[in-house]
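Straight from Swiss-Prot, the features:
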| type | residues | note |
| --- | --- | --- |
| BINDING | Ser9, Ala10, Met11, Asn12, Ala13, Gly14, Lys15, Ser16, Asp87, Glu88, Cys89, Gln90 | ATP binding site |
| ACT_SITE | Glu88 | active site, proton acceptor |
| BINDING | Cys145, Cys147, Cys182, His185 | Zn(2+) binding site |
Amino acid sequence: MAQMYFYYSAMNAGKSTTLLQSSFNYQERGMTPVIFTAALDDRYGIGKVSSRIGLQAEAQLFKADTNLYQEIAALNEVEKRHCILVDECQFLSKEQVYQLTEVVDKLHIPVLCYGLRTDFLGELFEGSKYLLSWADKLVELKTICHCGRKANMVIRTDEHGNAIKEGDQVAIGGNDRYVSVCRQHYKEALGK
């Protein structure tokens, strides 16, 4: 029975690495997965999912207006798809998360989503909010703070390494802009 999974974490926990390993596992069994990633995240090239350890794969892009159910149904008509893998799923809209539930429930294809739970202000992303609500399985991937505790928050920094306390929810960046920390160090960095 197909299910929808949400693998979430702070940055640098290996979400993309885990996604790429899952894709490889399906391919190794002669099955056909399809990978999607957010069009707005082009840090490693357009239409690519890349991990910090050097793994990479081609991906279909989703934009704010992409109907994922229609896209996946069309791909599945051409060639049976055994799994849908979605990177940067925090950027999905409520409607797109619903469309992915339809992929699971009507097309009977498992959907594995990988993304951040919260932004640099500790607020849920829209996609993450509805994945937390509607996914069949929730899996937290763990990373560590500089103090050794579990990191579950993300700090956005300026060019001098100072924590930023306001701004747009989405600002694409990697280790140069974001630091994963525990809640205590998050509060200290923001002066809370």
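For all residues, glycine too, the Cβ spot is worked out from N, Cα and C.
Structural mapping of features recorded in Swiss-Prot.
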residue	record	DSSP class
Ser9	ATP binding site	strand
Lys15	ATP binding site	helix
Asp87	ATP binding site	strand
Cys147	Zn(2+) binding site	coil
Cys182	Zn(2+) binding site	coil
What whole-number Å value do you get for the CA-CA distance of Cys147 (Zn(2+) binding site) and Ala13 (ATP binding site)? 16
Same-chain residues at least 6 apart in sequence whose Cβ lies under 8 Å from Cys182 (Zn(2+) binding site): Cys145, Cys147, Arg149, Lys150, Ala151, Asn152, Met153
State the count of C-beta atoms found within 10 angstroms of the C-beta of Ser9 (ATP binding site), not counting that atom itself. 23
Give me the non-local Cβ neighbours of Ala13 (ATP binding site): same chain, 6+ apart in sequence, Cβ-Cβ under 8 Å, ordered along the sequence. Leu141, Lys142, Thr143, Ala151, Ser180
Measuring Cα to Cα, how many angstrom lie between Lys15 (ATP binding site) and Glu88 (active site, proton acceptor)? 9
Around the C-beta of Lys15 (ATP binding site), how many further C-beta atoms are within 10 angstroms, looking at every protein chain? 24
Could you state the CA-to-CA distance between Glu88 (active site, proton acceptor) and Ser9 (ATP binding site) to the nearest Å? 11
